[in-house]
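Below: one structure, written as structure tokens.
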């Protein structure tokens, strides 16, 4: 079954320069004169008065301007002209590319730096001091132009502060300092441009993976990718990069999608499989029918998505930007006050106060603070995109760091969504099973649900060919099933609820324990079928990783309790709560309840999940396998089916939040230090300028560390002989994440993620949680969230609740998923299941089956309060 991404967010575009939107077009510009967020108001003030300009978006970290405009009223060349009149160094930028070529400073920037250095020879020959004025003359015009444009638009930005600083320094006849200020400001802009280009290159490297040529399958001719039209058949040989998005129509191969989705393993592609530009054909020969133009390919849109995501600012960035609007005017007033008030009051030497005012003016420059958030966000969004995670806004990246609960849909999210029919039978003797299977498979072939594909495949194995063209009045009922009319029969297929829609009055949720699906002809039950599904690879590890970080996990499914419990068993009871028998609106209601306890993320892939994705604080959609509606509704898109990307996304967001805090602290601390020195009488203007420039660069490079960082594996091996559990003793070992390696010490303390396990006379503790191997005379087993203590024990089997003796003693240690039980000197026993329903079922209510953190006891009082979460006759079971 092929799946193509049709979400408008991902794939709609038209050409490298502009993107049409009705009569409007979206143009991209590179504005190298942008310094920080304070100049965004200047750009908006220049462009908004132009006819035809509808929307303006400025991405400061990449110095990119995106304008939605009428090209006939305001062509791109006019926009460039207006920006360059304000000395903003703008040019038209091909989408996803960069025109930046300045690997080294310009010759005039170098001259601007050399002249102030030569002016230091004024102590040898005084006229040499005038050379610094040359640096001011060379470097000041751009600053003056931007300052004038800013004042005309009734805004104040960093250029005004620099201009005032230079003017004040010249009035003190300190020409050398004035020249150095101009040089440092210009060279800082060049360094920021280099850093921005470096950050941008992380994303543009994806587009560079796409080849410029494509081979036509019919003639073998190589043509430009940009000239390939829709529906063209292109050939891709082994080792070649797929040039354009499309569907395989002939052949079979394995494709490396790592550059696009982050998928580590090759993906098999066969007829009807979707392939994407920029991925590599590892082996085999395939013919691909193009489904997108080159400029509309998924890889061509990824850079735009990251840039456009900057338009949705994090709350902290919005707060800083709002403060910055008043910050610069206030700083100018304070500086003026420091210079004027002491003079009016005749306090101290005038020159000293004047000099201090200039130091305050330069030191309080807000550039480092203003760029602390957007640069961090851009680097984090870029890093996430290169690993297969697309955020639709910086606000979602910020919010994900605070997530308390992650809710999962079951089918296609936790499970593979590749069902196997385990039984199909007729319950009415009047209907032949083969005829019934033909009807059902024909109707199911018109559905996109994963269950439908399994029934169609099952029919094919029975040599029954579905005929979807014979089906009339096909209707989908979300959360219930489907309906179709074939050969004059009204057939309903779905879960037990579909019987109510069919008109059957004897319908009960208890039927779910007997089968997965039911078939009705009219109001008569004529057949049943059962399906099985398996968890995705890595689902258990992903959920356990979330729990280790303190995130609660919930599964929401429309399936019955039996199917949900099967998945829980496969996950080793890892999910905290499971809600079953849900309609789409029921999932949304439960999400609303969960939001009362904190930020909730919902992970889904189907049409049934769209409402829950929209209701959650953060909707995470499975991009490759998900429906277009789910992707459009979701706030974060997983480009692969790897569910382990979810805890990775949370880690990226938390690292970004830490970087923002670090940058804010760096900005305030360095500025405060210089101001403190100035107030103490050490007012050095040159030091203030160097600190301001250095702080900006430090913030940028600190943010760019996000591009280098990788997710740390949670099962980190920590070597012995380190402190743990707050105690120090010979041979003690720290194992905050896991325990590994051998210790020759006479004593060891092993620490689980939330507790410690003390072991005496132990030689080694294995990395596997709950399993240790003995080399000495005793050992202990450790649970995932607690500890089990054992003395004089020979070995503990990996199976929970069973121990085996190797020497002179036996012990049994039974642990639940959140705790452990001790046993000493006991016979070998089989595990005893103590979990039980706290109370009997109740229609229309929530039934809880609980376990706490101590030795598998039932949660006391879990039925103290019954509040229906779901209306009607729906019954949800919560496994807590």
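A Cβ is built for glycine as well, from the same backbone N, Cα and C atoms used for every other residue.
In TrEMBL, annotation is done automatically, which means it is predicted and not curated.
TrEMBL assigns the feature transmembrane segment to one of the listed ranges (295-323, 353-381, 382-410, 411-439), namely 353-381. Range with TrEMBL annotation transmembrane segment, chosen from 216-237, 238-259, 260-281, 326-347, is 326-347. TrEMBL assigns the feature transmembrane segment to one of the listed ranges (123-144, 145-166, 167-188), namely 123-144.
For the transmembrane segment (123-144), same-chain residues at least 6 beyond its ends with a Cβ under 8 Å from one of its own Cβ atoms are 33, 87, 89, 108-109, 111-113, 115-116, 159, 162-163, 166, 170, 175-176, 178-180, 182-183, 185-186. Non-local neighbours of the transmembrane segment (326-347) in the same chain are 38, 156-158, 160-161, 164, 353-354, 356-358, 360-361, 364-366; each lies 6+ residues outside the stretch with a CB under 8 Å from one of its CB atoms. When DSSP labels each residue, the domain 'HMA' (25-91) comes out as 24 helix, 22 strand, 21 coil, counted as helix, strand and coil in that order.
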